[in-house]
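**Q** Here's a structure for you.
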Amino acid sequence: MEDFVRQCFNPMIVELAEKAMKEYGEDPKIETNKFAAICTHLEVCFMYSDFHFIDERGESTIVESSDPNALLKHRFEIIEGRDRTMAWTVVNSICNTTGVEKPKFLPDLYDYKENRFIEIGVTRREVHTYYLEKANKIKSEKTHIHIFSFTGEEMATKADYTLDEESRARIKTRLYTIRQEMASRGLWDSFVNPREAKRQLKKDLKSLEPCAGLPTKVSHRTSPALKTLEPMWMDSNRTAALRASFLKCQKK
């Protein structure tokens with residue numbers, strides 16, 4: 001999976017994901033599914049913002065090639081991918097300038113046209129289920145939620161999808177391509193199926209010497225980027241397996 005991530009995603013995205021994980025003691029070489037999920041989420045956030053500007057009349061416009069004579073402002077402020085301190089600095093600046101309510105959790109984007117923060121979700125599960133989880137966590141009608149899935153489904157607050165259909169289609173196509181590329185390498189099942197991941201984890205653990213390299217403590221810290229992602233079942237399975245193996249070693 002790590003090799004796939006480095007081949008599939010832009011080096012800048014990979015670097016941002018690595019920094020986010022390492023800052024919180026997570027190793028991209030071990031937490032490879034999480035590594036892939038963070039990179040995917042970052043790319044969707046960047047694609048959401050790509051080519052969208054506001055002209056001198058305040059109207060939203062799409063420009064795919066830069067025109068030095070055009071008086072354009074980026075429609076979206078990208079918050080995701082920044083370190084927490086800088087991200088909150090950007091959020092506070094936006095709130096002070098626009099008067100919008102400060103969110104309790106770091107959002108992913110700010111839309112200068114609609115004057116609202118946006119929370120982007122990318123899920124391997126049912127979009128409605130994940131949308132409700134996001135809404136229950138945020139508990140604010142001020143933050144707009146937009147969920148995408150790897151199957152081409154999407155869901156947004158009040159069915160307001162913010163972007164034009166073509167822009168959203170680019171994101172859906174990219175997610176579908178990622179899924180297909182994972183599947184062609186035999187990675188998709190372990191990325192999306194908890195049982196398969198658990199089976200593989202047990203197999204990997206059996207190949208290790210008893211107690212060798214097993215941690216006595218498990219970190220429960222969550223990286224900034226993952227606060228925008230769905231709960232990663234891989235973490236709980238790995239934690240449970242390591243704990244069980246460690247207890248067996250203690251008894252011996």
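Note that Cβ sites are derived from N, Cα and C of the backbone, with glycine treated the same way.
From Swiss-Prot, here are the annotated features:
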- Glu80: active site (ACT_SITE)
- Asp108: active site (ACT_SITE)
- Arg195: site 'Important for efficient shutoff activity and nuclear localization' (SITE)
- Lys198: site 'Important for efficient shutoff activity and nuclear localization' (SITE)
- Arg199: site 'Important for efficient shutoff activity and nuclear localization' (SITE)
- Lys202: site 'Important for efficient shutoff activity' (SITE)
- Lys203: site 'Important for efficient shutoff activity' (SITE)
- Lys206: site 'Important for efficient shutoff activity' (SITE)
**Q** Rounded to the nearest angstrom, how far is the Cα of Asp108 (active site) from the Cα of Glu80 (active site)?
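**A** Taking the Cα atoms only, Glu80 (active site) lies 5 Å from Asp108 (active site).
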**Q** Across all chains shown, how many C-beta atoms besides its own are within 10 angstroms of the C-beta of Glu80 (active site)?
**A** 26
